[in-house]
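Participant: Got a structure for you, written out below as structure tokens; questions coming shortly.
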Ligand SMILES: NC(=O)C1=CN([C@@H]2O[C@H](COP(=O)(O)OP(=O)(O)OC[C@H]3O[C@@H](n4cnc5c(N)ncnc54)[C@H](OP(=O)(O)O)[C@@H]3O)[C@@H](O)[C@H]2O)C=CC1
Ligand SMILES: C[C@H]1O[C@H](OP(=O)(O)OP(=O)(O)OC[C@H]2O[C@@H](n3cnc4c(=O)[nH]c(N)nc43)[C@H](O)[C@@H]2O)[C@@H](O)[C@@H](O)C1=O
């Protein structure tokens with residue numbers, strides 16, 4: 001019997017990539033249930049309850065969230081903790097009440113302590129203080145992991161959690177202030193080339209290191225984890241480790257990233273640092289061996305991924321998302 005999947009956040013970068021991947025894998029469009037934010041506000045408990053009771057999907061992929069880069073997290077902490085706590089609590093609890101057996105929750109690499117040993121293993125969770133610039137968001141994401149784990153333990157559900165590293169790709173948010181670093185730099189370097197600006201400013205010292213996974217790889221990994229048989233998933237997430245890291249296993253400095261974006265966009269001017277802006281976590285490289293041991297590895301390299309994303313950005317000039 002076909003499996004009807006509620007894909008929450010289908011208009012977002014990850015949700016859009018998962019939607020494309022499901023269709024590419026042969027899922028009939030009719031089996032992929034979607035609702036826009038305007039049609040179903042996932043922070044509204046009654047609305048989510050009514051939707052889940054009416055539709056009773058067989059599975060849920062929760063790719064909806066309040067998402068943003070270091071500036072957005074640092075500026076809107078109440079929005080980030082409240083919206084994400086409400087969305088995950090509503091979707092996970094109402095999925096349980098509607099008898100949904102299979103759910104995938106997307107967390108984030110920022111759940112790990114700011115000074116966790118690198119690369120960060122899944123069992124580093126809750127072993128130290130978090131990075132202040134995104135602690136509210138991280139606390140909400142940790143709560144999401146614990147929600148899934150608790151419904152699995154108490155109700156025998158099969159609710160799984162994946163922890164993506166920094167993501168980028170088509171469909172990203174290109175807001176000049178609220179976006180993540182890759183879309184922000186693609187836009188800024190592109191505009192400098194268009195206007196003949198002699199220099200581009202990047203935030204912070206340029207020394208922090210980040211791991212960047214293309215969103216199409218993330219979509220493939222999400223469905224891979226979702227389709228794992230339960231015994232394999234449980235065997236690889238013990239003891240009490242109900243989440244799996246998803247990344248490339250390699251990182252670059254922000255200065256190296258800026259150089260790559262300059263090369264891809266053809267910018268030949270100066271790159272300067274605005275050290276009045278926060279660096280955030282010095283490094284957050286994920287240990288991706290658990291997922292590799294289960295048979296999945298990232299395929300899209302950063303240079304190629306940035307070039308492909310830049311092509312997408314230019315092809316969608318004037319209509320890219322900025323929120
Ligand atoms: N991007 C990244 O680098 C990383 C992302 N993640 C996680 O991956 C997941 C997807 O992120 P990403 O695709 O980048 O985010 P996007 O912002 O691109 O997409 C999020 C989606 O959620 C929707 N949404 C937001 N609030 C609500 C709401 N109250 N009710 C219903 N829908 C809502 C948005 O709709 P609308 O725009 O209309 O509000 C949007 O479609 C999230 O869980 C995020 O935390 C984890 C690590 C890194
Ligand atoms: C995925 C993860 O993403 C967020 O954490 P982050 O990795 O710190 O996010 P970021 O991509 O915004 O920054 C990465 C680095 O890049 C530097 N940087 C330089 N120039 C720009 C710039 O122009 N914009 C941005 N955003 N950063 C810049 C910036 O100073 C920082 O050192 C969490 O909030 C949370 O959302 C989360 O889970």
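Just so it is clear, glycine is given a Cβ too, placed from its N, Cα and C backbone atoms.
Sharing the record's features from TrEMBL:
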- 137: active site, proton donor/acceptor (ACT_SITE)
- 9-15, 106-109, 141, 164-167, 180: NADP(+) binding site (BINDING)
- 188, 203, 210, 279: substrate binding site (BINDING)
- 5-230: domain 'NAD-dependent epimerase/dehydratase' (DOMAIN)
- 108: site 'Important for catalytic activity' (SITE)
- 110: site 'Important for catalytic activity' (SITE)
Participant: Using C-alpha positions only, work out which of the recorded positions 137, 188, 203, 210, 279 is nearest to residue 167 (NADP(+) binding site).
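Facilitator: Nearest listed residue in space: 210.
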Participant: Under 6 Å from ligand 2 by C-beta, which of these recorded positions make it: 9, 108, 110, 203, 279? Sequence order, please.
Facilitator: 108, 110, 203, 279
Participant: If you check the binding-site residues 9, 12, 108, 167, 279 one by one, which have a CB less than 6 Å away from any atom of ligand 1?
Facilitator: 9, 12, 108, 167
Participant: I'd like the number of other C-beta atoms within 10 A of the C-beta of residue 210 (substrate binding site), please.
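Facilitator: There are 21 of them.
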Participant: Whole-number answer please: how many Å between the C-alpha atoms of residue 12 (NADP(+) binding site) and the residue listed as 'active site, proton donor/acceptor'?
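Facilitator: A Cα-Cα distance of 18 Å.
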Participant: Are there residues of the same chain, six or more positions away from residue 188 (substrate binding site), whose CB falls under 8 angstroms from its CB, and which are they?
Facilitator: 176, 200, 201
Participant: Are any of 9, 108, 110, 203 (the recorded positions) within 10 Å of the residue listed as 'active site, proton donor/acceptor' when you go C-alpha to C-alpha, and if so which?
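Facilitator: Matched recorded positions: 108, 110, sequence order.
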Participant: Considering every residue in the domain 'NAD-dependent epimerase/dehydratase' (5-230), what is the mean pLDDT value?
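Facilitator: The average pLDDT of the model in the domain 'NAD-dependent epimerase/dehydratase' (5-230) works out to 97.
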Participant: For residue 164 (NADP(+) binding site), which DSSP three-state class applies?
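Facilitator: The three-state answer is strand.
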Participant: Using the alpha carbons only, what distance in Å do you get between residue 279 (substrate binding site) and residue 110 (site 'Important for catalytic activity') once rounded?
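Facilitator: Between the Cα atoms of residue 279 (substrate binding site) and residue 110 (site 'Important for catalytic activity'), the distance comes to 14 Å.
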